[in-house]
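Per Swiss-Prot, the feature signal peptide maps to 1-23; the stated evidence is sequence analysis. What Swiss-Prot lists as 4-hydroxyproline is 49, 50, and the listing cites similarity to another entry. Under the heading disulfide bond, Swiss-Prot lists 53-68, 58-72, 64-79. The annotation 4-carboxyglutamate is assigned in Swiss-Prot to 60, 63, 80 on the grounds of similarity to another entry.
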């Protein structure tokens, strides 16, 4: 009787540990997906300057110049694609 009770307690303990590990892996997977989504958005948005940079001269504004992937046109002063 005592052995049966010990086996039952150990099985419950192992199952609860397994559920805890599954919960951590799901949370880790969600965090990884969120991080990769943010990085993907940053990478794909790199070539598109923000709205406030579209009418500015990128030679004069260093913050807008960083968004120019093709460089800044010395003649027009806008981003080259």
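Note: Cβ is positioned from N, Cα and C throughout, glycine not excepted.
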Using C-alpha atoms only, work out the spacing between residue 72 (disulfide bond) and residue 60 (4-carboxyglutamate) and round it to an integer in Å.
10
Could you list the residues of the same chain, at least six apart in sequence, whose Cβ is under 8 A from the Cβ of residue 60 (4-carboxyglutamate)?
77
Considering the disulfide-bonded residues 58, 72, which residue's Cβ sits among the greatest number of other Cβ atoms within 10 Å?
58
